[in-house]
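Working notes, structure below.
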Amino acid sequence: MTTSLPQDATPQEGAPKPPAVGRLAPTPSGRMHLGNAFSALVAWASARSQGGRVILRIEDLDPRAQDPQNAQMLVDDLRWLGIDWDEGPVYQSDRTDVYLQQIDALAQKGITYPCFCTRSELHAATAPHASDGTYLYPGTCRGLSPREVAERSRKRRPATRLMVPAEDDPNGTIVFEDLGYGAHEECLAHECGDFLIRRSDGVVAYQLAVVVDDCQMGVTEVVRGRDLLPSSARQIYLAGLLGMTPPRYGHVPLLVAPDGRRLSKRDHDLSLQALREENVSPKVVVGLLASYIGLAEGGEEIDAADFERRFSWDAIRSHRDDIQADASALLPR
Ligand code: GLU
């Protein structure tokens, strides 16, 4: 059976619609840029426009992202934009034991294995595959004998991978309807292969943590940049294995710099920090972001509440291409 999620399924007549629960899930690796602000605004507006709740989760699993100052600045930037939340901030770094329990549960099912491949071995063996830079893992360590595992463990701490079904097994083909990008189908064996659930430095992998959090926190919709669209299939698959109900997914277009580069937290000129330092008002920023998806006229100033009132997923569905963002127009010359 193909794992299929009817995302826009009409609830049965008379059945009360469960309240929407959205989430903001920033990684504190730097200040927010306009692209982060755009997806946070859409995630918030989507949940609030349905009368739903919002959870703030700080994704600081990677020790390099465990920077309380950065986390505090993200919280300030969100508030400055006019975004609020009902729960959190919840820090992923406080939840390691919860993730490890779930990794154990998968190991008990016999569907995980230690992987000793180094990053350079992986890069040499395969070409970058999916648009998110995922490598198709060729299964190098899948068949290691217990003796080989013991021998290799003496030299190198292994990562942990999750086995995905063979290409011809329909269980490994995930079909879902994205709120922004429509029907999506992905064969895991073909797109990513066995994927990491724990890194060799012991850090729990993003895919595992995000599923456990979203499901355990009762999140009903995950809204984020379209670079994470290919991850959704892995996340739906993992949720199924862990006996959890996956949320709906809605991806939004990416913002790119005027020269076509994808915005990154290093693009200081497009950070909220730079705009705030120049005393640009949040209404100008929200107005600019709204204009990218036809919710405001160019130059119109609106606040987050206006954005929410005007928001519908149709706006995203009719603006799916990457957006050239030029915040320099907002800065004084
Ligand atoms: N923490 C990720 C980021 O800041 C988002 C992950 C997600 O939304 O699933 O880009």
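From the backbone N, Cα and C atoms, a Cβ is placed for every residue, glycine too.
Record features, source TrEMBL:
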- LYS265: ATP binding site (BINDING)
- 1-10: compositional bias 'Polar residues' (COMPBIAS)
- 23-292: domain 'Glutamyl/glutaminyl-tRNA synthetase class Ib catalytic' (DOMAIN)
- 1-28: region 'Disordered' (REGION)
- 26-36: motif ''HIGH' region' (MOTIF)
- 262-266: motif ''KMSKS' region' (MOTIF)
> Does the residue listed as 'ATP binding site' have same-chain partners at least 6 apart in sequence with Cβ under 8 Å from its own Cβ, and which are they?
Replying inline: SER29, GLY30, ARG31, MET32, HIS33, ASN36, SER271
> What are the DSSP helix/strand/coil residue counts across the motif ''HIGH' region' (26-36)?
Replying inline: 3 helix, 1 strand, 7 coil
> With DSSP helix as H/G/I and strand as E/B, how many residues of the motif ''KMSKS' region' (262-266) fall in helix, strand and coil?
Replying inline: 0 helix, 1 strand, 4 coil
